[in-house]
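Written out below as structure tokens is the structure these notes cover.
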Amino acid sequence: MPQLGLLSVAGFAGYAALLAVGPSWAIHGGATEAGAGLVNGVLLGATVLAQLAVPRALATWGTRPVLVAGLLLLGLPAPAYLLSDALAWVLALSALRGIGFGVLTVTGSAAAARLVDPSRRGAAIGAYGLAVALPSLVLLPASVPLADALGFAWVFWIAALPVAGIPAAWALGTVLRGLGHDRPAPAAPTGRPDRRLLLAVLAPTVVLFAVTMAGGSLVTFAPQLAGPTSAMALLLGMGLTAALARWLVGALADRHGVRPFLAPLLLLAAASMSACAWAVAQGSPVALVVAATVLGVSYGALQNLTLVAAFAAAGPTRIPAASACWNIGFDAGTASGAVVAGALAASFSFPVALSVMAATSLAAVLAAVLPGRTLSARGPRSSEPAR
């Protein structure tokens, strides 16, 4: 999987570099907290819309041209932020980048599932998750102090790194075609989404949506919740525990399935977000960093577990569609967390906003405990036909 790893590092570096700096650039131009929340909201809203079209695009044109176009859309607009810090301009560029990110996320996670035997899918998704987490681990905490120390321009040029992943994307398409995974697929007769697939992946998507709302609110507003140094520590701590949890839980999912872990991890997310709200209300940056670091365990582990569950529900012939559903849940949750937290903070306060995120994770426990084949089954066995 070296090609997938290289293009993922380049692509997610471009994404992570602006996740906290983009809203700060909008505030630099005079935007309110609600306006700043729209930056990531528009980015991920465009991502979700693009993800809806990616499975059909892959079936029509194949991995190589689709993935190359996605990396270009994600990377090329980044330096153009320097032209203006007006909110309308920032939102327009964020929408373009969101389309590219939508292509990258669906194609990358589908490739991770297709490059290995199904019995090792949890471990493979864990390794892929580590590759996509590394740029966030470095750039999420470093981007804000880098912008403060050297200027926004440095961060905007770093965010153009997805363009450097194009050669690896082309090579990955060649590998997938050689394995027989890049062939045109028959379209649904009605052209509508497969309702059975949507129902099958509903429970893991609800769980994912809840925890990414929590994570999205913290990532978006870290500079506003704490000073530059504390924001850097918060993002580093949360990113480190998320990366390790997403990597290490993969083998457990292959062995035990996903259901035993979902409810406890959601309860941990609710508790840690409640602690974040308390820390902000008390003005304690140390407590905020500790609580966010604990949240990272749930944030990372649930990403892996819900993706394994989605692929198991979809079956080997619908991996791109399952990848799209999962990524839509992830990005819709992150976008909702940014927008809702921004609106609540503007109307009430950040402690109120974070408390609502905690309540959302608590409510999602219902989806984790409802009976269902997808969440009770173990990971797919090697007897499942691989694609």
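The backbone N, Cα and C atoms fix where each Cβ goes, and this holds for glycine too.
Note that this is a predicted model, so its numbers are computed, not measured.
According to TrEMBL, the protein carries these features:
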type: DOMAIN; residues: 196-387; note: domain 'Major facilitator superfamily (MFS) profile'
type: TRANSMEM; residues: 36-54; note: transmembrane segment
type: TRANSMEM; residues: 66-83; note: transmembrane segment
type: TRANSMEM; residues: 89-113; note: transmembrane segment
type: TRANSMEM; residues: 125-146; note: transmembrane segment
type: TRANSMEM; residues: 152-176; note: transmembrane segment
type: TRANSMEM; residues: 197-219; note: transmembrane segment
type: TRANSMEM; residues: 231-249; note: transmembrane segment
type: TRANSMEM; residues: 261-281; note: transmembrane segment
type: TRANSMEM; residues: 287-312; note: transmembrane segment
type: TRANSMEM; residues: 324-346; note: transmembrane segment
type: TRANSMEM; residues: 352-372; note: transmembrane segment
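When each of 36-54, 66-83, 89-113, 152-176 is checked for Cβ pairs under 8 Å to the transmembrane segment (125-146), 89-113 comes out on top. With a threshold of 8 Å between CB atoms, the same-chain residues lying at least 6 positions outside the transmembrane segment (36-54) that come near it are 19, 22-27, 66, 87, 90-91, 94-103, 105-107, 216, 219-221, 224, 320, 324, 327-328, 331-332, 334-336, 338-343, 345.
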